[in-house]
């Protein structure tokens with residue numbers, strides 16, 4: 001019998017630098033599950049470990065629990081806050097864009113598993129506090145670093161884009177959902193034609209953009225969620241220097257991965273949506289696996305999602321984090337198994353990033369000090385109109 005020590009993550013634990021980081025987050029049982037007396041079948045003792053207690057039945061109809069153990073870089077139980085999740089997932093990637101690299105953070109999981117809560121912010125009823133999501137926390141850390149002496153003289157200008165990919169079409173969430181074309185030039189650079197880059201002068205500007213874009217996002221009804229996100233939402237924080245891209249951070253709230261059985265009674269539109277979503281999620285997995293193998297061929301043309309995120313999968317200075325979100329109830333067990341297997345296959349080729357910078361934990365602490373000292377100043381200021389720098 002394998003004995004697992006219960007050691008949940010805390011804010012005092014060390015953060016390790018990885019080229020590809022794969023972690024898992026369990027949400028609490030929701031009101032619907034509690035009302036139905038749904039049973040919690042997911043345990044997270046800590047140290048990156050997750051236990052799934054999957055109910056099964058033998059040939060003689062004897063019921064038993066199949067206890068499966070999964071290991072990831074980090075695991076977060078239902079008591080984990082967005083702050084804790086952010087510290088070990090997206091926060092270490094902020095430094096990458098200041099070093100001229102490309103960072104990407106994905107939230108993956110079935111509909112209703114907590115992806116939009118994690119990326120966009122805490123929900124209170126139907127309202128969402130966008131300042132408490134990974135989108136906003138990353139923006140706060142970007143501005144904290146911009147104030148540091150080593151970067152203040154580099155003339156770095158921050159911009160934000162926010163778009164969604166729905167049924168293989170791209171829409172600008174900051175420009176009335178304008179439909180955009182995706183083109184590839186002769187240098188194999190992918191351009192989203194007409195996508196608006198908005199200059200931002202503080203984290204409050206970014207939060208306003210998140211609120212505006214999130215209100216436009218395409219949603220629909222599934223068996224798992226009455227207001228399911230049916231599109232992939234991509235928030236990009238771009239640092240420009242002398243009008244050239246210096247670094248880019250893409251934060252992606254993926255559409256829910258639905259099984260065919262979950263939508264078989266749905267209308268044709270929902271079936272088409274589901275097929276498109278699942279196809280793009282398969283393409284994403286293949287691109288991340290290719291990145292982990294340092295493959296010369298990245299199959300980014302497999303879907304519109306991977307095409308527009310092509311920069312995330314090329315170059316030595318690319319870093320990726322996947323947060324696999326799981327629902328704890330027995331009623332969601334099949335979907336939870338699928339999510340864990342998807343994340344496990346991505347993790348198989350997880351390479352530890354060879355960093356010249358051994359001071360990553362120190363830099364993270366510096367960002368936290370900078371944020372705490374300036375948070376009152378930011379909250380008391382009126383960010384003013386959103387406009388370009390001079």
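The backbone N, Cα and C atoms fix where each Cβ goes, and this holds for glycine too.
A TrEMBL annotation is a machine prediction, not a hand-curated record.
Here the structure is a predicted model, which means the values were calculated and not measured.
Look at TrEMBL and you will find 19-349 tagged as domain 'Kinesin motor'.
Residues or ranges marked as ATP binding site in TrEMBL: 109, 110, 111, 112, 113, 114, 115, 116. Residue 112 (ATP binding site) carries neither a helix nor a strand DSSP state and counts as coil.
The compositional bias 'Basic and acidic residues' annotation in TrEMBL covers 357-366.
If you look up TrEMBL, you'll see 357-390 marked as region 'Disordered'.
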For the domain 'Kinesin motor' (19-349), the mean pLDDT of the predicted model: 88
Long-range Cβ environment of residue 113 (ATP binding site), under 8 Å and at least 6 residues apart: 27, 256, 325, 326, 327, 332, 335, 339
